[in-house]
Amino acid sequence: MDGGYVDCHCHISATEFNEAGVRALISVTEEVSEFARVIQLSKVYPGLVAPCLGVHPVQRSGSQEQRSVTIKDLEPALPLFQKYKGDIVAIGEIGLDFTPWYATSSQQREEQQAVFIKQLQISKEMDLPVNVHSRSAAKVTIGVLKEHGVGRALLHNFAGKPSVAMEGVQAGCFFSFPPAVCRNEQRAKLIKQIPLEYICLETDSPALGPDKYVRNEPENISLACKYIARVKGIAEEKVMEATALNAFRLFPRIKMLDQQTDYSN
């Protein structure tokens, strides 16, 4: 297999990804208003941008004030999942965010779970994997995935306990880590325990870069690769190759995109 990184979770789509050695870019959405845009980008950059559609547990809805997702936020997305089912590689970004200032009540947490579960059901109907957000809700998120028989899942920027992560591994889940892991050693124990066969790379661009206050860029994906290699005590090339294989295994539809890309330039 030709070399190159696979960015399994980001919010940016631009030509500089080619320059950064990224061979496939899995671009997620957070709100329904983004659906048409990410599909359009996949047409503009065929063979590079692999679109996902999903409704995130935290919504902005045109304002700067973030809030917990509601069923009403999901409703307009439902016909679009069907409309674009032939164009997408996964359902995402979906999941749970129980951060106290977003989910202030048990009712909000329950509604988040209802939105999450509905999108998991859609992923099963479409035979697609899921790209999952989990913050302050690791155990519940893994539990919901297991309860609904969803094993083909990527837990992006996972920060839960290693024991919870291993529950996910046993269920078939993958875990991706962004360049932000380089800032401190908090994720080292987690990365050390998760088998390389279940690890992927991500940038989460434009967020989660090596510097908290600087826009994250595509080229920084190599920093996540280097960090994982250092923690596991293996060569960077092995991490790059293994994480790319993992991505193609989890998101098989990106193989078709990858075959369309010319890496000779």
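From the backbone N, Cα and C atoms, a Cβ is placed for every residue, glycine too.
If you check TrEMBL, you get these features:
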BINDING   HIS9, HIS11, GLU93, ASP204  divalent metal cation 1 binding site
BINDING   HIS133, HIS156  divalent metal cation 2 binding site
- Query: Measuring Cα to Cα, how many angstrom lie between HIS11 (divalent metal cation 1 binding site) and HIS156 (divalent metal cation 2 binding site)?
  - Reply: 13
- Query: Apart from HIS9, HIS11, GLU93, ASP204, which residues in this chain have a Cβ no more than 8 Å from the mean position of the Cβ atoms of those residues at the divalent metal cation 1 site?
  - Reply: CYS10, SER27, VAL28, ASN131, HIS133, HIS156, GLU202, SER205, ALA207
- Note on the structure: Neighbouring CB atoms within 10 angstroms of the CB of ASP204 (divalent metal cation 1 binding site), all protein chains considered, total 26
- Task: Check each residue in the chain of HIS156 (divalent metal cation 2 binding site) that is at least six apart in sequence and keep those whose C-beta is under 8 Å from its C-beta; list them in sequence order.
- Result: CYS8, HIS9, GLU93, ASN131, VAL132, HIS133, PHE175, SER176, PRO178, GLU202, ASP204
- Message: At a 10 A cut-off on CB-CB distances, which of the binding-site residues HIS9, HIS11 has the highest count?
- Response: HIS9
